[in-house]
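Residues or ranges marked as domain 'Major facilitator superfamily (MFS) profile' by TrEMBL: 30-545. Under the heading transmembrane segment, TrEMBL lists 30-55, 67-87, 99-117, 123-145, 157-179, 185-207, 286-308, 314-337, 344-364, 452-478, 490-511, 517-541.
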Amino acid sequence: MAEGGAVKADKAELTACWNITWKNPYILKLACVAGIGGLLFGYDTGVISGALLYVKQDFESVQKNTFLQEAIVSTCVAGAIFGAALGGYVSDRFGRKKTILVADALFFLGSIVMATAPVPWVIIIGRILVGLGVGMASMTAPLYISEASPARIRGALVGMNGLLITGGQFISYLINLALTTAPGTWRWMLGIAGVPALLQFIFMFFLPESPRWLYKENKVDEATAILEKIYAANEVVSEIKALRESIEEEKEMEASIGKDIFSKLKGAFRDAVVRRGLKAGVTIQVAQQFVGINTVMYYAPTIVQFAGFASNQVALAISLITSGLNALGSIVSMAFVDRYGRRRLMLISLVGVIACLVVLAAVFQQASIHSPAISQSEMQHFGANSTCPAYLKNVNSPKWGCMRCLKVGCAFCANGASQFRPGACLVSSKDLQNACKGEHRLWFKDGCPSKIGFMAVVILALYIIVYAPGMGTVPWIVNSEIYPLRYRGIGGGVAAMANWSSNFIVSVSFLSMTKALTVAGAFLMFAGISVVSLVAIFFLVPETKGLQFEEVEKMLKNGFRPKLFGRRSQAAADNNA
């Protein structure tokens, strides 16, 4: 990826990426090893959704406490917020390579702590450690790949990091499904995450530092040697010249604003180009989370159970399909992000996301309205002491259905003849759950039997299909190329922290939202936020497809206007020139 190399990206398609990396496998090696950070990111996102089902079975305190469930999921994200903030500074101060090594060490340690946790709060400590590693890797890995890639295939290679994220999610669901009958199920699920972290830690020792970071640190010979392996011989001289000019400008800026993180932050917000870059970068990172994707990835099996599928194994198997579609969407993104552009893919993606969320809300609402009724005879079958206390106290209880039963903290044991017929509203306990299942009935705690539940799964799959190629991958690509070199680490750190902060808000509140607003209400709220995101991206985010870094900087310096105002913006730019 040139600062101002001789080769201008004109058609950077996926085929060009394969052709260049086939001729120069060194580039692919750098991208693949650094991209293991994306694999770690994805694995952790996916594995907790399945592990949570079995943690609840082992710890009754977790089963009965929604906030504790949310804490186990979201404390990783909380750690990632600090990891992303710290990663921006550490990568600028000590280098991209060392930052990735520290992230691997934290992730490995956290995995061991989680796998051996005797009580829920130890799991939470492990999740925080993993989060710190994930946060540092989430902004450093794309940055490393971006700075070690020719411009014409930069989008595809950074997009490969997105593919590895979704690939990690898919692998986590496969492992979750494979371990459903293993002793210590969730411990294996969470502990296995340490393996790729250890592998990346080893492989990174044999890879060089980012050539741009080396040049900035006056290690010109090392940087030149790496650039000679990345670029063709006739491109190296122009690349080094452009890089030297960029570094000299950066050093002049550091002399005036200082090198420490607070001085850089102050300088970044004073710089009009960086401010405009941050408006775009932070907007798309926040939008990526607030359209609700990580409610699907963190709670996918739970959402499937909301739709009426009671079995943990069935919920995990269906979730595996959605994860596979997410990985497929990342491949589509790699194929089209450099052909059709970052901005267009995000806007098209959001239109599809909005439509899917609205339909998904409608399906869950209808499933709630038509949930099976409660039968007195069915409850008497299990004995008077088994009936839900709230049901006995409510004068309108004869009008209750399954969904009302679950809302008061009880459980629904389906009718033995058909799960769609009236069933029993019972106290939620392991003894009654075993009694219900012992009669070959289905036990529902998170969702109710529904004839249209499969529709929710179909729409959920469509949501993933339209989300993954655009909003799933592109925000990370844009953030790797929209900031000037002198502020790239800080800018990427701020944007990644915004992403993880938004992720934390969504993941820590989703289960509570489903109780306060219903599942349908929660998804409808995400649809409304998606509309706002669509408008914000249209007006704030420029197209960076195929542009060198200095061209992106010049575009932001002149000021971005969306296509609607394109002629006026161009005229203004011409006058300024």
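Keep in mind that glycine also has a Cβ here, set from the backbone N, Cα and C atoms.
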Listed stretch, out of 123-145, 185-207, 314-337, 490-511, 517-541, that has the most CB pairs under 8 angstroms to the transmembrane segment (157-179): 314-337
Per-region confidence, the domain 'Major facilitator superfamily (MFS) profile' (30-545) (mean pLDDT, whole number): 85
Winner by Cβ pairs under 8 Å against the transmembrane segment (344-364), considering only 30-55, 67-87, 123-145, 185-207, 452-478: 452-478
Spatial neighbours of the transmembrane segment (314-337) far in sequence, C-beta under 8 Å, 6+ residues away: 13-14, 17, 46, 49-50, 53, 155-156, 159-160, 162-163, 165-167, 169-170, 172-174, 176-177, 180, 296-297, 300-302, 304-305, 345, 457, 460-461, 464-465, 467-470, 472-474, 477, 545
Tertiary contacts of the transmembrane segment (67-87), as residues 6+ beyond its ends and Cβ separation under 8 Å: 44, 48, 52, 55-56, 61, 99, 103, 106, 120, 123-124, 127-140, 298-299, 493-494, 496-497, 499-501, 503-504, 507-512
Same-chain residues near the transmembrane segment (99-117), Cβ under 8 Å, at least 6 residues beyond its ends: 34, 37, 40, 44, 83, 87, 90-91, 123, 125-134, 136-137, 140-141, 144, 187-188, 190-194, 197-198, 200-201, 204-205
Recorded stretches the transmembrane segment (123-145) and the transmembrane segment (517-541) touching, at least 3 CB pairs under 8 Å: no
